[in-house]
Amino acid sequence: MLTYDALIIGFGKAGKTLAGRLADENWNVAMIEKDPNMYGGTCINIACIPTKVLVHDGLKGIPYTDAIERKDRVVEKLREKNYKSLADNENVTIYNSEARFIANKEVEIQIDGKKEVLTAEHIFINTGAISNIPPLKGDLTSNKVYTSTSLMDRKKLPQHLAIIGGGYIGMEFASMYRTFGAEVTVITPEEELLPREDREIAAEVQKIMTEKGVRFIFGARAQEIKEVNEDEVSLSLSNGETVNANAVLLATGRKPNIEHLGLENTSIELTEDGAIKVNEHLETTVRNVWALGDVKGGMQFTYISLDDYRIVENYLFGDLGYSLDSRKNIPYTMFIDPPLSRVGLTAKEAEEKGYEFAEGKMLVASHPRAHVINDLRGLFKVFIDKKTKKILGASLFGPESPELINLVKLAMDLDAPYTLLRDQIYNHPVMSESFNTLFNVPIKRTV
Ligand SMILES: Cc1cc2nc3c(=O)[nH]c(=O)nc-3n(C[C@H](O)[C@H](O)[C@H](O)COP(=O)(O)OP(=O)(O)OC[C@H]3O[C@@H](n4cnc5c(N)ncnc54)[C@H](O)[C@@H]3O)c2cc1C
Ligand SMILES: NC(=O)c1ccc[n+]([C@@H]2O[C@H](COP(=O)([O-])OP(=O)(O)OC[C@H]3O[C@@H](n4cnc5c(N)ncnc54)[C@H](O)[C@@H]3O)[C@@H](O)[C@H]2O)c1
């Protein structure tokens, strides 16, 4: 049995950041990653970075095949950089093996085909999430059925891509593949697009994506996949429709990855959703065993995984003052074209919570920067609590919103009145100066 100060299972965002930090404290760290093509984790290898390279290149008019090649080069470079950052650290040993618990503090791995057991007082689980495969009849192993990971390895643009699921991956891939020139159909069980978003904003997204040529089928589930010929499959839907396509993307959510982890050999408990149960400091039901990132459930974003690292770091070396309970407003962006960014409440949520609020709204087309960059599409909305003058939420659908949303988040975290953003001197002509207008909401001025 090999003994370390810490075992980290999974080379994800939280895991790799923690490995470096623990090594700085002279801890002897073992990093266990099952797939050498995943050094650096999901985000850089198969998720955020490759998808955003493709979104970027598609919008620049770069042909699909060339964009896929550039994506591969970017990923390889980042993977190498991530690997080296730990491999070059004398306090870190990287094991390329699947890790499996055989007891609360014992993890089995394979080294050169031989079993080895590692142990440590501190163990950190950072195994991410895996695609949810919907219960479809027919041939799910067809070479025309893809997850987000395998589709981005396809070298040839499918003529018609059918996407099952209208969430993040469904929408981003729909926008991206349509930009490259594929015909795209999105099939979603929801009766409307983006049910959790502001209705006016969602309607604008639907309008722009439909104008771009994306077809939506709402209120339908794919039930069966049949091979039509070597280049085509047909999907039968619950509403009686049939959709023929050259490629099908399964984009029906991702679930915490506890596969083959051997948790049944431990006292680590799961939540009802199959995530690893943690307390507000991310400790599991076993003392000094922690779970960080997608595997512990909740929002699945790279920056949440990074923030999970901060919580654990604070517990180990800080004052215990930072925990899940201290997290404030979490922004997010769906990288469609143009992007949709959001923080805080929508109008409906504000209403349900009983706020009396004022709404600020502007068409992106009314702002000078939109004319400079020749992109007039989109709608920005903000919601302000009339009583406290604080910002309740913002839904920004339009160019440059992925950067803008962080400004709103900052003001919200600081509990600043909305006038802070309304009355700033912004440089010109930039998108953030739109806040001078957007935040000019109908609330009686006291200054
Ligand atoms: C297509 C797509 C696009 C996305 N785009 C964005 C985006 O734009 N912005 C954003 O913030 N988020 C995005 N996400 C979500 C984001 O990628 C994840 O939330 C994040 O990567 C999760 O990181 P993590 O730290 O939980 O672990 P991961 O980075 O998932 O790392 C887990 C690692 O554990 C390894 N592993 C698993 N089991 C074992 C085992 N038993 N033994 C050893 N190793 C194991 C895996 O191989 C993997 O390398 C996207 C996701 C997808 C799928
Ligand atoms: N820009 C970003 O930050 C970004 C981008 C991509 C992915 N992600 C992360 O990855 C996660 C996974 O993305 P996703 O789009 O797969 O999940 P999602 O939860 O966003 O959307 C899943 C979609 O699939 C549908 N669905 C679920 N089960 C189904 C079934 N059996 N048949 C048909 N449809 C079904 C849902 O109704 C929904 O429309 C997201 O939660 C997100 O956090 C983030």
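Numbers here mean position along the shown chain, with the first residue as 1.
Heads up, the Cβ atoms here are built off N, Cα and C, so glycines get one too.
Values in this document were obtained by computation on a predicted structure and should not be read as measured data.
Per TrEMBL, the feature domain 'FAD/NAD(P)-binding' maps to 4-303. If you average pLDDT over the domain 'FAD/NAD(P)-binding' (4-303) in this model, you get 97.
Other Cβ atoms within 10 Å of the Cβ of CYS43 (disulfide bond) number 21 in total over all chains. The disulfide bond annotation in TrEMBL covers CYS43-CYS48.
Sequence-distant neighbours of LYS52 (FAD binding site) (same chain, 6+ residues apart, CB-CB distance under 8 A): PHE335. The annotation FAD binding site is assigned in TrEMBL to LYS52, ASP294.
In sequence order, VAL186, ILE187, THR188, LEU249, LEU250, ALA251, THR252, GLY253 are the residues near GLY165 (NAD(+) binding site), counting only same-chain partners six or more apart with C-beta under 8 A. What TrEMBL lists as NAD(+) binding site is GLY165, GLY166, GLY167, TYR168, ILE169, GLY170, MET171, GLU172, GLY253.
Under the heading domain 'Pyridine nucleotide-disulphide oxidoreductase dimerisation', TrEMBL lists 330-437.
Mapped onto three states, the DSSP output places HIS428 (active site, proton acceptor) in coil. The feature active site, proton acceptor is assigned by TrEMBL to HIS428.
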Other same-chain residues whose Cβ falls within 8 Å of the Cβ centroid of GLY165, GLY166, GLY167, TYR168, ILE169, GLY170, MET171, GLU172, GLY253, the recorded NAD(+) site, in sequence order: ILE163, PHE173, ALA251
Same chain, 6+ residues apart, C-beta under 8 Å of the C-beta of MET171 (NAD(+) binding site), given in sequence order: VAL186, LEU194, MET209, MET334, ILE336
Among GLY165, GLY166, GLY167, TYR168, ILE169, GLY170, MET171, GLU172, GLY253, the record's NAD(+) binders - longest CA distance, Å: 13
Listed recorded positions with Cβ under 6 Å from ligand 2, out of CYS43, CYS48, LYS52, ASP294, HIS428: none
